[in-house]
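Noted in TrEMBL for the protein shown:
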DOMAIN    43-363  domain 'AB hydrolase-1'
ACT_SITE  154  active site, nucleophile
BINDING   224, 358  substrate binding site
ACT_SITE  327  active site
ACT_SITE  357  active site
């Protein structure tokens, strides 16, 4: 069954960021699935992760059987969102918006500034809180007084959490998946190495590569490889790849063969190179840098209280907090710290997965019953 879905971009004016920077024009791109009911009480906002996009679902019950696969390409949460699924688009009006600073329709570094050139290095720092505040504006534009639920994983979980604090009266339920209340030293360090990889690429050009026709492929590819090691669990990587060698080195645009490599090219290297190539071909390096900085600086205590429970006390939503057993980016103990500090009776679960942090994306069958019950 196909559900009503659409892609749109809304324009906002004089939007002020936490830093004081003012966007004279700000665009937010989003996709919707299903229909908003007359009471406007069935809206669910889904927040994508760092390199995600608004295309959360194909909008059909079985995308493989769609007449036009190109029109109904599977979304990044296809197992969870759609007709009859845990987030049922026959029942709920689902919205997924591209984060500001991204490169999938919302205003970001590649967007034209007033002079017609890409913002590039002139694009301001944005925070997770800025993203949430922008989506409050989108909520107004869509005529949604309060969300039945706001749901997100990883950076999306941080966005969902901030939304519940920026506009507490407008969130009835919130599901936070594999995300913390604030970044700790380990996560800040991982972000630092990724940002450095991009900035040290000669083709980065201080962030203004687009206007001169260059692109920091090597830097972005390396950043993705660093990040991917935090997204998957060591036990999974060891089981899948061990120390198996590949037959030959590939010819990759984002990374030439090192002169000192000898003949060794391991299966795990091939896997990381594959992940790098996939991202480099679809994502902007400056957007990656901007969003990584935003997640690095995520801290719900900022400007509220140094006491975590006090910082979270304004939230009015019913919370569901879910971690992944093998997550080494945001370990279960750190996610549990958030759950313990949230007000009210918080529903908690741990997904049993060997996939690491990415378990919130890959364990749809295990996650779906929790989401379905929580949304009821």
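Here the Cβ of each residue, glycine as well, is placed from N, Cα and C on the backbone.
TrEMBL does not curate its annotations; it predicts them automatically.
A coil conformation is recorded for the residue listed as 'active site, nucleophile' in the three-state DSSP classification, outside any helix or strand. Cα-Cα distances to residue 327 (active site) place 357, 358 within 10 Å, out of the recorded positions 154, 224, 357, 358.
A sphere of 10 angstroms centred on the C-beta of residue 224 (substrate binding site) encloses 26 other C-beta atoms. Fewest other C-beta atoms within 10 Å: among the recorded positions 327, 358, that description fits 358. Cα of residue 358 (substrate binding site) to Cα of the residue listed as 'active site, nucleophile': a distance of 9 Å.
In this structure, residue 327 (active site) belongs to neither helix nor strand by DSSP; it is coil.
Averaged across the domain 'AB hydrolase-1' (43-363), pLDDT in this predicted model comes to 94. The Cβ of residue 357 (active site) lies under 8 Å from the Cβ of 154, 178, 230, 231, 232, 324, 327, 328, 329, 330, each on the same chain and at least six residues away in sequence. A sphere of 10 angstroms centred on the C-beta of the residue listed as 'active site, nucleophile' encloses 26 other C-beta atoms.
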